[in-house]
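According to Swiss-Prot, the features are:
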COMPBIAS  34-47  compositional bias 'Polar residues'
COMPBIAS  48-67  compositional bias 'Low complexity'
COMPBIAS  76-104  compositional bias 'Low complexity'
COMPBIAS  105-115  compositional bias 'Polar residues'
CARBOHYD  Asn322  N-linked glycosylation site
CARBOHYD  Asn326  N-linked glycosylation site
CARBOHYD  Asn342  N-linked glycosylation site
REGION    1-115  region 'Disordered'
TOPO_DOM  1-166  topological domain 'Cytoplasmic'
TOPO_DOM  188-207  topological domain 'Lumenal'
TOPO_DOM  229-232  topological domain 'Cytoplasmic'
TOPO_DOM  277-296  topological domain 'Cytoplasmic'
TOPO_DOM  318-347  topological domain 'Lumenal'
TRANSMEM  167-187  transmembrane segment
TRANSMEM  208-228  transmembrane segment
TRANSMEM  233-253  transmembrane segment
TRANSMEM  256-276  transmembrane segment
TRANSMEM  297-317  transmembrane segment
Amino acid sequence: MSNYNNKHHDDGNPFYNEPINTSPTQQQQQQQQNLFPNTNIDYNDYTQNRGQQQQQQPAYQPDLQFQSFSHDVDVNSNTSPNNNNNNNSNNNNSNKIGGNSSNNKFSDNVPLNTNEDGTEKKYSFYEVPYYRFLFNVDTKEVGLRLIRSMLPIKFSFFNLIRENPDLYGPFWVLTSLVFIVAVTSNLNEYFHSSDHKSWEVDIQKIVYSAITIYGYSFVIPLILWGIFKWMNLGLRLLDMLCIYGYTLFIFVPASILCVIPLQLVQWIIVAIASIVSGLFLVTNIFTPLKEDFTKRGLIICAVIGALHIGLALVLKLYFFANSTENFTISDSSSTPTPTPTNTTKLL
C-alpha cells in the first residue's frame, strides 16, 4: 500500500491521492539550521558534503618497504692514501685539547717556522718571529734549569741546554734581581737611618743595579765567547748568555734575605750564594777546557771566579751596606779663630 499525504483530508475525501511531498517544510529547515547557531554553515551544504565524503572510497595505500643501510658504510669515504693518513692523524689528535682540526695549518706535524708547502720561513732581524727560538721553552724546562743552577756538581749544564738554549729564563732572572737588589738596598738604608721622617727613596739605586747586573751578565759572556772562538771551542754566545743568566738566580733569594739588619748574617748569605754560583759557573766552563787547554782553562776559570767574587763584594758593600754616612755641615761663624801667641826663643 502506497503512502499518501493526508494533509488535506479534512475535505471529506478519504481517498485523496496527492503524492507525498518529500521536501522538508520551512519549519523543519529552521529546526535543522538551528543546529549551527551563530555560524555561517548551511545545513544543506553540510549534509551534501558529508554525503560525498562518505561515498568517496579511501585512496589506495601501497605497502611501503624501507631499505635498511648498514652502519659500516661510509658515504663520504675516499680510498686515496692521503685521506687515509689524514683520518689517522685526526684520530690521533681527537684526545687533545681542541679535538680534531680540519685545517692543516695548525696541525702538530707542521713546524712553526715552515710554510704550508714545507719550506722554511725566512724572517728579518727586525721582525719579532726572528727571535722566537730564543724563548722556545715552557715552565717545566725553565724550572728545571733554575734548580740545576743551584747544583754545581755532578752534571753538565751545557749538555742540558745544548739542543735548546734560551734567553727567557735569564731575562726574568736578571730583571727580577735588578729590582730586588734596589729595593733591598733602600730598605737597608731606611732601617739604619737615624731620621726616618726625612729619609727618601733613592731611585738611582735601580740604575746602578741595572748597570752592575746587566753589564756583568752580558759583557763578560761576550768577552769569553770571543776567547773561546779564538781557541776553536764549540761554545756559542747563546750558551754563555744562558749560563750566566741562570747563574745569578741564587742571588734572588739571597738579596731578599739580606734585608735582615745583621752584618754577620748578610755576609754569610752573600758568601754562600757567591760560592754556590761560582762553583756552578767555573765547573761548567772548565769542562770543555780541561781536555786540550788545561793550563789555559785554569787561568780562565780563575779569572771568572775572581770576577764573580767581585760582583758579590759590590752587592754586599754597596747595595747591602748596614750603615749610612751622616754628613754634618759646620758653621764657619761658630768656629773659633786662632789667637796668635807670643813665643820667645830660649838662648
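Sequential numbering from 1, following the chain as shown.
Glycine too: its Cβ is placed from the backbone N, Cα and C atoms.
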Ranking 208-228, 233-253, 256-276, 297-317 by Cβ pairs under 8 Å to the transmembrane segment (167-187), which is first?
233-253
Residues of the parent chain within Cβ reach of the transmembrane segment (208-228), under 8 Å, 6 or more residues beyond its termini:
170, 174, 177-179, 181-182, 185, 235-237, 240-241, 243-245, 248, 285, 300, 304, 307, 311, 314-315, 318-319
If you run through the topological domain 'Cytoplasmic' (277-296) with DSSP, how many residues end up as helix, strand and coil?
13 helix, 0 strand, 7 coil
Other than its close neighbours in sequence, what residues sit by the topological domain 'Cytoplasmic' (277-296), given a CB gap under 8 Å and a spacing of at least six beyond its ends?
149-153, 156-158, 224, 231, 233-235, 243-244, 247-248, 250-251, 304-305, 308-309
Contact set of the topological domain 'Cytoplasmic' (229-232) with the rest of its chain, CB cutoff 8 A exclusive, min separation 6+ beyond the ends, reads 293, 296
Need one number: mean pLDDT over the topological domain 'Lumenal' (188-207).
87
